[in-house]
Amino acid sequence: MIKYYLYLTKPGIVLGNLMSSAGGFLIASRGAISYSLFITMIVGTALVIASGCVLNNIIDRDIDAVMERTKHRVLVQHGQIFLNQSIFYAVILSIFGFLFLSFTKNVLTIYLSAIGLFIYVGVYSLWMKRRSIYSIMVGSISGAMPPVIGYCAAANQFDAGALMLLIIFSLWQIPHSHSIAILRLNDYKVAFIPTFPIKKGVESTKNHMVVYIIGFIIATILFTVMGYTSYIFLIIISIMNLWWLHMGFYGYRIINHDSLWAKKMFLLSLIIIISLNLLLSLDHILFSTKNILL
């Protein structure tokens, strides 16, 4: 039974978002790390994200039942966990999540977490996902909140660095989500979910992906130019970004194997975001001017 409650929180999504929260926190800390604050922020953020994922599972249970990728989820399989239990579980996770965030004594992190949860559950999952091809753009804001929460927990302010993290992670979400939409095109058709590839076509979606990858590249450059990361960070992430962009352009040469290309783009987007989070976390420790001189 415990494993079903764990599955309901989408642990992979929670873990990925915690990596970005850690990256945001550590880049704002600039080496002066408060470990108690870090742990409190991580636990609180994890619980709030888990709550959002449970609520998303509750809202999407009807479409999950008809999609090949999601038909084995806990709420689709009758008898594993009941609906009222799931709702209670989500509420408890949310309460304890915000309780932990209150221990940071940083009201900003609570506000940002509440905004992210509201956008993901109320605006994206409950409303826009079934109605608009632009739902992922709104959803990308909630997906970009964890690094901003981590940053603001350490910096205790929403400054240009927090804004740049919001932009960077929002831009990454679009090509990542589009690659899933192409890869699972038939799934979304069966569930009547209006995705960009279904409504505008795969070729138009490829254009969209390339534009957002270019925007992502520019944003990561600006983040370094503004003094938040080292130039070694910029060199490493730029090499990876150009690889991603190259693969995006390669999609124009694909005619009959869009799903295979989309799978490669999806996996590459994961490599990019994991690398970005690791670089953000380690940048001040490994690549700061002080450490290089030493």
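Any Cβ shown, glycine's included, is placed from N, Cα and C.
So that you can see what the record holds, here are the features copied from Swiss-Prot:
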| type | residues | note |
| --- | --- | --- |
| TRANSMEM | 8-28 | transmembrane segment |
| TRANSMEM | 35-55 | transmembrane segment |
| TRANSMEM | 81-101 | transmembrane segment |
| TRANSMEM | 107-127 | transmembrane segment |
| TRANSMEM | 133-153 | transmembrane segment |
| TRANSMEM | 163-183 | transmembrane segment |
| TRANSMEM | 209-226 | transmembrane segment |
| TRANSMEM | 230-252 | transmembrane segment |
| TRANSMEM | 266-286 | transmembrane segment |
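Looking at 8-28, 81-101, 133-153, 209-226, the range that has the most CB pairs within less than 8 A of the transmembrane segment (107-127) turns out to be 133-153.
For the transmembrane segment (230-252), the residues of the chain that approach it from at least six positions outside its boundaries are 175, 203, 206, 209-210, 213-214, 216-217, 220-221, 224, 258, 261, 264-265, 268-269, 271-272, 275-276, 279-280, 283, 286-289, 292, judged by C-beta separation under 8 angstroms. Sequence-distant residue pairs (6 or more apart) of the transmembrane segment (133-153) and the transmembrane segment (81-101) include fewer than 3 whose Cβ atoms are under 8 Å, leaving the two stretches without contact. Residues 16, 19-20, 22-24, 26-27, 29-31, 147, 168-169, 172, 175-176, 179-180, 183, 220, 229-230, 232-233, 236-237, 240-241, 243-244, 247 of the same chain lie 6 or more positions beyond the ends of the transmembrane segment (266-286) yet place their CB under 8 Å from a CB of it.
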